[in-house]
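Quick look at what TrEMBL lists:
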{"type": "COMPBIAS", "residues": "667-676", "note": "compositional bias 'Basic and acidic residues'"}
{"type": "DOMAIN", "residues": "38-423", "note": "domain 'Cation/H+ exchanger transmembrane'"}
{"type": "DOMAIN", "residues": "479-617", "note": "domain 'Cation/H(+) antiporter central'"}
{"type": "DOMAIN", "residues": "625-791", "note": "domain 'Cation/H(+) antiporter C-terminal'"}
{"type": "TRANSMEM", "residues": "26-44", "note": "transmembrane segment"}
{"type": "TRANSMEM", "residues": "56-73", "note": "transmembrane segment"}
{"type": "TRANSMEM", "residues": "85-105", "note": "transmembrane segment"}
{"type": "TRANSMEM", "residues": "117-138", "note": "transmembrane segment"}
{"type": "TRANSMEM", "residues": "150-173", "note": "transmembrane segment"}
{"type": "TRANSMEM", "residues": "185-209", "note": "transmembrane segment"}
{"type": "TRANSMEM", "residues": "221-242", "note": "transmembrane segment"}
{"type": "TRANSMEM", "residues": "254-271", "note": "transmembrane segment"}
{"type": "TRANSMEM", "residues": "305-324", "note": "transmembrane segment"}
{"type": "TRANSMEM", "residues": "336-362", "note": "transmembrane segment"}
{"type": "TRANSMEM", "residues": "369-390", "note": "transmembrane segment"}
{"type": "TRANSMEM", "residues": "402-425", "note": "transmembrane segment"}
Amino acid sequence: MSETQGFTQELHCTDDGSEYGDLLHLIMRMAIVISISHVLHLFLQRLGQPSAIAQILAGIIVGPSVLGHIPQWRERVFDPDKSHLMGAGMMIGRMVLMFLIGIEMDVEYLWRTANRAMLVAGGGCFSSIFLAAVLTTFLHANLGSSSGTILFGCTIALLFANTATPVVVRIAAELKLAHSEIGRLAISAALVNDMFCLLVLSIASFTASETGHKQKLHHKLAGTAVMITMLATVIGVMRLFVSSMNRRFLRRRLVGNWHAVGVLAVVLGMSSLTEMMGYNNMMACFILGLFFPREGGAARTMVDWLTYPVNNFILPIYFAYAGFHTNLLALGDAKLATAVAAIVILSTVGKVAGTVMVTGLLDIPTHEGLVLGFLLNVKGHVHLIVLNVAKKIGMWNYTAYTALLMTLVLNTLLAGPVAAAIVSIRRRALHYRAMGLQHHQLKTELRMLTCIHGPREMTTMFSLIEMSSGTAFGSSITAFMMHLVELTQRVTTTMLYHEGDDDSDSHDDDWEYGGDDSRRIHHATDAFWRETGLKVRLITTVSSFTSMHEDVCNAAEDMRAAIIVMPFHKHQRIDGKMQAGKEGIQALNEKVLRRAPCTVGILVDRGLGSGATHASKETTELQHCVVVLFFGGADDREALALAGRIATHPCVSLTVVRFLPASSMKQEDTGIKEENASPSTEEEVRMPISEPDCRRDEDESFLQKFHERFVEPGVATYVEKYVEDGAQTVTEICSMVGSYSLFMVGKEREGPSPLTVGLSDWEECPELGVIGDLLASSDFMLHGSVLVLQRGRTKKEDLVDEFM
């Protein structure tokens, strides 16, 4: 029998009319628990503790450990005979929670890191099972179990090994780890652990009661096959229904309310049917969410509907439920206290030790392995299911059940503070660090945050995202798009597509700033996803231009972005001239350049996204010619590093033009030719990049690596041009106008350069640098977009800029 079946039967046993009093009793209890948890969190959050800790403690306070000893409280609030109501509500909430986790799961990342997640989860599980086997005899004697040692040992092993995914998700999010590599790996490993433990539990319940009854076993096998078939059918029908729904509401941000109710009814109905057949509904809910179509308004509607109740009602009750049934006074028994201490200590040691050993093999730092180990040691639903099933079959009495329930609470209470302490101590190590694009390996995931002020910049940003994704060498990209909306009269709000606070009161299409712009942006994002297969996660921020840079920089830090791309404050008119947009955008770009924790690019759009960038299966015709103007310095190296990723895209042709002083030409040996360079002219000379030059050794080293990786294989073309002064530089650049759709260049030069002498006299936009300002000028060229990059600034550079 599944756990919810028992609760359902109890609900039907109430007398006529008593269900209304029970419902009021449940609402009162929930209100008290949530209120106490909020008060506790006000104090605990100052210590860096996640809200889950406060919610568990609130359950303990409301339960028999504290307030349950007061007679009036016990009679009016803490009534054990009515606890089934809270349990039934918790089970229904768990269905919604697992469905939401499935929708929000990054499927692409989950598949990409499946091997690592299985290794991390397996390391913690097997070490925990080993210690459970060692401890079985001791616990069997101290807990007074009446079952056999083998069955008891298997049960304890499952208690040691399980991990609660919802708890991991919540704690990782509140510790600002949800978007970091370590946080996402923890969530993936927790899911693998959850699936493994539920599978073992299902097999155990499947075979334990059927020994010697082959006919019943056959019936149960047939029931399993029917359930799997039903689940697959529901998934197929739901996907067809959702696709039809998305087409009907194609140009709306959200779908109709009744359609969303229908989807939720299907999910809850399938989950309840799974429970009625005797199976746990957690996996069914998660699979339904995992296969739910992400594109379109249906997914946005479900997330908008479910996020607020999950965060503010379901999760607090979910965490408080464990504490509510915990009686800490039972630890007065020395044997039970010893057993509880042994379980908590050894299960923690086993999970952490096994995880750290595996992470060491995966070259993950030790402190990150420790955080992973403690996060994976949190307990939850599987722990409760195992305890309840074992109690029903008489494996242990109520006292032992209470003691083992305390291990769930203590493990979770221990994991949150310890993980928070490690993160705090190693803040500089775990905190987002802007290494610079030049230090990113090509196979490393590129996390890009693009910003737009409206639909005008969408197409260009989409083209840049796809070009940056590449297709070769196993490169990957995680893209975010932030819609920047100027605050006028309403309150500032920042909302991520799949994890907003969702504090709005309505769910129509005009709920957020941007009005029709927002609908168009969401529609374009869905279309881009369908055409390219690249998911862009949408964020909306509403604030004044004076503080908007803080939202951008905070979002980049939370997303662990490697690069921020801001739109230029001018846009191109029909006649090709550049026209300034809203006041404040230029100042916003300057503030982001000064404060950003990572590389920043400013994109001057002149039709980069006017044509399709994605390559079809039948053709790989080049549609974008990109050129990097390399003068030397850290910013130019950032531009070249991003260009290397772009060059791997089949629809991109990359040329790197390096400018050198003419005086250095006499010192070079021009005897070596390069296959992939253009035909030589009097001013274009092929040089071995490793030859000495007046530039810094860092430039030479980086160019040498770039040459070996991209130029020699034929992915990019490399050309050197020798000029005497700024005038010749302008002449050379002018000769390239019309040949390239995108110019890439770094913002700053390291020290005064004879190659740009005199160019700053006519500088209009200092945020673009000398060369970028020249390229963005309508007087210089009318065609060809420009991307100007600046590496992340250090604190010292920020202070210098602040007082300059």
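Cβ from N, Cα, C; glycine included.
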By a Cβ-Cβ criterion of under 8 Å, what residues six or more beyond either terminus of the transmembrane segment (26-44) are in contact with it? 51, 53-55, 57-59, 61-62, 77, 82, 85-86, 89, 312-313, 316-317, 319-320, 324
With the cut-off at Cβ under 8 Å and a gap of six or more residues from its ends, the chain residues touching the transmembrane segment (150-173) are 50-52, 94, 97-98, 101, 121, 124-125, 128-129, 131-133, 135-136, 139-140, 183, 186-187, 189-191, 193-194, 196-197, 200-201, 204, 208, 315, 318-319, 343, 346-347, 350-351, 375-383, 386-387, 390, 395, 404, 407, 412, 415-416, 419, 499
Cβ contacts under 8 Å made by the transmembrane segment (402-425) with residues that lie 6+ beyond its boundaries: 47-50, 52-53, 56-57, 60, 143, 159, 164, 167, 171, 175-177, 319, 322-323, 325-328, 330-331, 336, 339-340, 343-344, 347-348, 367, 370-371, 374-375, 377-380, 383-384, 387, 396
With the greatest number of Cβ pairs under 8 Å to the transmembrane segment (117-138), the stretch among 56-73, 185-209, 336-362 is 336-362
What average pLDDT is reported by the model for the domain 'Cation/H(+) antiporter central' (479-617)? 74
Taking the transmembrane segment (185-209) as the reference, which of 221-242, 336-362, 369-390 gives the largest number of Cβ pairs under 8 angstroms? 369-390
